[in-house]
Structures are given as structure tokens and as C-alpha cells.
Amino acid sequence: MKKIAVLAGDGIGPEVMEQALKVLVAVQKKFGFELSFQHADVGGAAIDSHGVALPESTLTLCAESDAILFGSVGGPKWEHLPPAEQPERAALLPLRKHFDLFCNYRPARVFKSLTAACPLRADIIGDGFDILCVRELTSGIYFGTPKGREGAGEDEYAYDTMGYKRSEVRRIAHMAFAAARQRSGKVTSVDKANVLTTMVLWREVVLEVAKEYPDVKLNHIYVDNATMQLVRDPHQFDVMLCGNMFGDIISDEAAMLTGSMGLLASASLNTENFGLFEPAGGSAPDIAGQGIANPIAEILSAAMMLRYSLGYGEAADAIEAAVEKTLDRGICTADIAVDRSQAVNTAEMGDAIVAAL
């Protein structure tokens, strides 16, 4: 039996989590494995119940589990707190640090039935596309030292440091190539090796790792060209391997091509494939409690959990196929519906996906 730490959190988190668990219960029955769901508070809910966004009991539960299924955290209720104590910073960042979740998988898929929601022209979209951004999360310019500000007046100077160890590049490259093996077998490494010394090392190490995956095709692209090519011809990409800052930008650009944050799943993993799986969107407090949130991102995050942390790839495929089948039938929540008067609510979308399984 696999043990799942369920951290529903705040806002729409509990609503979409309920639907994801409904789908997981159905898929475990279908495929004959067993999951144990253990719930704990996190984020604003934990501040209210325990006084901190990440209680020790929640952290202990996560450490004793095989994976973490996360909802969302944050909301206006806790915005008066110092930034370091607010749910977003005080819950997610410590979880990532504690479990060394250095690898971020961000899929961006345009389903054939939802191509109208994509901002690109129909001739560019075709029947849709499926891109996986693999982003290094714990190093690079966001974490580099020294950083600071010196001087005064017009001579004031601010600086940051970008740097990567060979080992850090190697481990994220392995994650990208391993993911590509489960997909179409193609990696595009995004760098700026023409001007940045850090990226020269990045490219060298990626080339070394590529030799261990002769069945995976490797291309290199400069980040400025990558941002253009994503909107010019997204079909050329499958797995995009990026450093922290470039991945931050590229993954958000790719995400917006899908047409809705309610479709975007995310996984953060360590070298043991232990991971935290969550929707890429936020807690959406403006619609929380109304039963209209799109649960697909949480459901697809659960599918990623099955694939990458638990080893149930066939079950993950079944969930993703059920989501696509449901959308093909024209069943949509308000955020992706062409005719909002025909939109289903959160629970109805969950029920439809279970039925499609």
C-alpha cells in the first residue's frame, strides 16, 4: 500500500482535492492497487489551527509518505502577516527545501477539443500539442551568492550571481532525459551558452548526460529563440530542459498557451522520485466555496504522482485519457466553456472523469 500525504490547503484547494481523490479511488479499483490517504493542514488552514503554515506534524506525515498531493495555499485572510510567515512562502518553500525537490515538471498541453482557448492561430495549433518543461528549482541566479546593492546616487550598483555546479546540471539533465524516454524521446536544452559562462558549463554537462541516453534526441536552443519558437511552432518541442530563471519564464509562457490555469498540473521531485504534486494555479479565493473551480489541474497532478513517484504509469495514462475523453464530450467548467450557461460545476466535472475511466 502506498501512503499519500494529502495537503488540501486553502481557497479552492479542498474543493479540487475532493475530486482528485474521487478519481484516485476509482483508478485504484480499476487497476488493483491500494492507496492510503492521510490528511493534514497546510498554509492558511494550518496557521488557523496550529499557528504556523507548516506544522511539524504535517512535515512528519510527508516524510512518512510515498508522495505529497498538494492543493493550494494563501488568501486575503493571511496577507496581514509578515511576508516570511504568509502561507505561500512559509509552506511551499520549506517543503521544497526539506525534501530537496530540485526538479520541476510543468506540462503544457493543448487538448484538441480546447484549441479555441489557445491564443495562437488555428494553423499553428493544429490538433493541439503537449510540452513538458523540466525546470531546475533550487540553484541558479535566484539562489546564487553574493547578491546585494552598494553605493549611492547614480553610482548605486545592484548585483546577483548566476552559478551551477556540474552535479546540479547533471541531476536535472538526467530527470529530463528520463522523462523524454516516457514520451516521444526528444529533449530541447534551453541555454544562453553564447554569452553566459554558466550556460557553457550547462551545455557541456547536458551533452555528457545525453551519451547515456542514445535513444533520446537532443537539441540545443538559446533562450531568446526558444521564447519565439514556442509561439511560432510549439509542435517542435517535447521536453524542454531549463535552468531556474529560464525555466520560470519558459514554463509560464508555455502554460498560457493552454488557455486556462485550471488545466495545469505540476510536479516537484528529488533524486529518489519523491515528489510534491500540485496545480500550477493559486488558491483562487475569489471563487472559493462556490463549487465552480476547475478540478482538472489537481486531477492531472494526481496522475503525475502515479506516474513519477508511485510507478503506476498505466493508471496515470488512464486518468489523462479520461480527462481528454470528458473534454471531447464537451463537458467543461466555466473557465474553459465556450457557452458558460452549459458549464458544469466542480463535482460534476469530477464525476464525469470518473465515469470516463
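Our numbering is plain: 1 for the first residue shown, then up by one each step along the chain.
For all residues, glycine too, the Cβ spot is worked out from N, Cα and C.
The annotation NAD(+) binding site is assigned in Swiss-Prot to 75-88, 282-294. Residues or ranges marked as substrate binding site in Swiss-Prot (evidence: sequence analysis): Arg96, Arg106, Arg135, Asp224. Marked as Mg(2+) binding site by Swiss-Prot: Asp224, Asp248, Asp252. Look at Swiss-Prot and you will find Tyr142, Lys192 tagged as site 'Important for catalysis', backed by sequence analysis.
Checking each of the binding-site residues (Arg106, Arg135, Asp224, Asp248, Asp252) against Glu79 (NAD(+) binding site), the C-alpha distance stays within 10 Å for none of them. Here the candidates are the recorded positions Arg135, Tyr142, Asp248. The one whose C-alpha lies nearest to that of Pro83 (NAD(+) binding site) is Tyr142.
Checked against Asp252 (Mg(2+) binding site) by C-alpha proximity, the recorded positions Arg106, Tyr142, Lys192, Asp224, Ile292 yield Arg106 as the nearest. Under the three-state DSSP scheme, Glu79 (NAD(+) binding site) falls in the coil class. For Ala288 (NAD(+) binding site), other Cβ atoms within 10 Å of its Cβ number 18. Note on the binding-site residues Ala284, Ile292: the fewest other CB atoms within 10 A surround the CB of Ile292. Pairwise Cα distances among Arg96, Arg106, Arg135, Asp224, which the record gives as the binders of substrate, peak at 29 Å. Closest to Arg106 (substrate binding site) by Cα-Cα distance, out of the recorded positions Gly75, Tyr142, Asp248, Ala284, Ile292, is Asp248. Cβ neighbours within 10 Å of Arg96 (substrate binding site), excluding its own Cβ and spanning all shown chains: 17. Classification of Arg106 (substrate binding site) by DSSP places it within a strand.
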